[in-house]
Every structure is written in structure tokens, then in C-alpha cells.
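Reading through the C-alpha cells given below for one structure.
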Amino acid sequence: MLEISPWETLVKLLTDSLLNCTGTHEDVPHSKNFLRSLTTTYIASLAVATAVTVGTVCLAVLHLAYISFYITHSNRRLLIVLLACTAPLVSILALVAMYMPRVWFLSHLLSFLYFSFALWVIICLLLHIFDGHHALVTKMMQRLQYVEIATPPFCCLFPCLPKVRLEGKKIRLCELMVLQAPIVRLFATLVSLIIYFEYQDQGLVPLKVLDFITLPSLLAGIYGTHMLVTTVSRMDELVSYRYVVVFRILDIFFMVFGLQQPVFDFLARYGAFGCGTVLPAIETSFYWKNFFTVMEAFCVTLISTVLLQPSKSSFFDKHPSCRSMSSARSTITEVDIDESTT
């Protein structure tokens, strides 16, 4: 037997597979043929994923109802709707890819694009809370001195990053770092679709190269978001909105979703899923990746339902509990003013 060097093994894991599956499920079946040849495990997983997705969508409809009833500002309402649609949209795309294995790549690209867009939306929501960029910078300059740059994803590699003095142009730079991420991701998505539909499996290496080239853009967008949110999280105005909770939910969901793809891809090429029983090895791994994505989306929706109730967040300014808190705050302010004048 010829010995394979570690380098050749690594290249094979990235571009091919360690398994020899010639003659077994080389082609990805159409959805009709796939659904006809399901085993008990696949039938059960599809039934569970469908039921969970329906639950996610039902909770999302409840969220949208609360958003439409209890949020006054139309722009803020739109931003929160876009964020609330993240989990159900990702869940639906993953479920569609489970029923139609040939569209898993399109499902992943669209989900990743929406996540990148959601990063910009979460910053737009921050700006709306403070009535725009200039008002945000003014308040930050009054109360804060430094921009926190020791944040994920680079704080793990560089834990001793210094604090940077806060300036308006540095805040603008953070905003631009976040803005470029969905723009670059949109371009990468279009190019990836062209490569995939033109070359199919032969386009695997160019697709991985494209992912590697666009990775700095994604990391810069995540880094810019973390710097802004971590810096402003020290300001009292955000506490009643539970804005940091919204950001952490989106951030963790995006992190888990982004890490799943290479992990399942590696496991499939390593041979963890064998040669597949109904689907080829790679598509089998992505089928189960989509199954876990459906479960994660439901957990995210459920956690959001509990932690971001209208009674707990000032985003829902028309909710009775929010009105009572506002009147209490105004009463306290009036009492303070009366005491100071006397």
C-alpha cells in the first residue's frame, strides 16, 4: 500500500473525501425520488423538522403581532420585524433543503446572506434608539472615553488589545465595517451561484477559494458590530430596551450557523456519515446540518419569546407596562425638579 502524506490527506479532506464511494449514490436525487426512497430515520426526522418549523413560524407570527400592535415608530418597527424574521426564515430554508436535497447550497447561501444583512440591521436599530449617528456619537463622547476593541472574534487571538480613544470618525469606521459585510456577501452569493450552476461538483475548489477570499469581510463586519455594541452597552439608555439581549441572541445564532457548515462538511469527507444510504455522503451531512438548524431556530425563537416580552422591553412603547414605567419615570423627574427648585 502507498502511504499518503499528511498534506495529501488534508487536500483530500478539503477537496474530495477519504472514502471510496464509487457506484453508491453518486448523484443527488430529485426531491420526488428522494421522498420515495426514505428510510424510517429520514421519515421521522422530516416529520419532526416540519412540526418544529411550524412551531417556529407560529411563534414568529405572534412576535409580528406584538411588534405591529405595541411599537409606535414605523422605522423601528421595520427593523425589529427584519430581526424577528431571521429564525423563521432560516428554519424554512433549512426545511426546504431537507425536502429538496439539490437546493441545500442555495438555502445555505440565502441564510448566510440574511445573517450578514441582520448585522447591519442590528446597528441601524442602535442608531434609531439614539436618534441617529450624530446623536449617538455626542452621547458617547459625553459619557465614554474609549472604544472597546478587545472583542470577538479577535480577542481570543489577541487578548491584550489596547483601548482606543473614542472619536466620531472611529464610530463611523465601525459602522462602515458592518455595512460592507452584506454588500460583499451579496456579491459573493451571486458569484457562488454562477459557479455552482455552471460547474456543479467541479466548482467545489473555486467555491472554497471564494469563501476564503470573502472571510476577512465577514470577520470585519462581525468585529465592527461587536466593537460598537460592546462600547455602547455601558450606557444606561440601552438597559430598558434589552438591546444587548437582542444582539447576543442574533450573534450566537449566527456563530453556530456559520460553524456548522465546515464542521459537517469535514465530518462527511472524513467518513463520519459513510457513503450515505439515501443521499451521497456530503448531502447526507448537510441534510442533518439542516435538521439541527431547524432545531436551533426554534430554540432561538422560544428564547426570544421569553426574554423579549413586551412587558420587559422599552421597544414596545405602546404596551401598558411600558406606559406605566414611562409615567413613573416622568413623575420621579418632576419630583426631582421640584426639590431642586425649592
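Cβ coordinates are placed from backbone N, Cα and C, and glycine is handled just like the others.
Taken from TrEMBL as is:
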- 42-66: transmembrane segment (TRANSMEM)
- 78-100: transmembrane segment (TRANSMEM)
- 112-130: transmembrane segment (TRANSMEM)
- 173-197: transmembrane segment (TRANSMEM)
- 209-229: transmembrane segment (TRANSMEM)
- 241-259: transmembrane segment (TRANSMEM)
- 286-308: transmembrane segment (TRANSMEM)
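Just going by CB pairs under 8 A, the stretch in 42-66, 112-130, 173-197 that sits most against the transmembrane segment (78-100) is 42-66. Taking pairs at least six residues apart, the transmembrane segment (42-66) and the transmembrane segment (286-308) share three or more Cβ pairs below 8 Å and count as touching.
Per-stretch counts of Cβ pairs under 8 Å to the transmembrane segment (209-229) identify 173-197 as the leading one among 112-130, 173-197, 241-259, 286-308. Beyond the transmembrane segment (112-130), the same-chain residues lying 6 or more positions past its ends with a Cβ under 8 Å from any Cβ of the stretch are 73, 75-76, 79-80, 82-83, 86, 89-90, 136, 139, 175, 178-179, 181-182, 185-186, 189, 218, 221-222, 225, 228-229, 232, 237-238, 241, 243, 246-247, 250, 253-254, 257-258.
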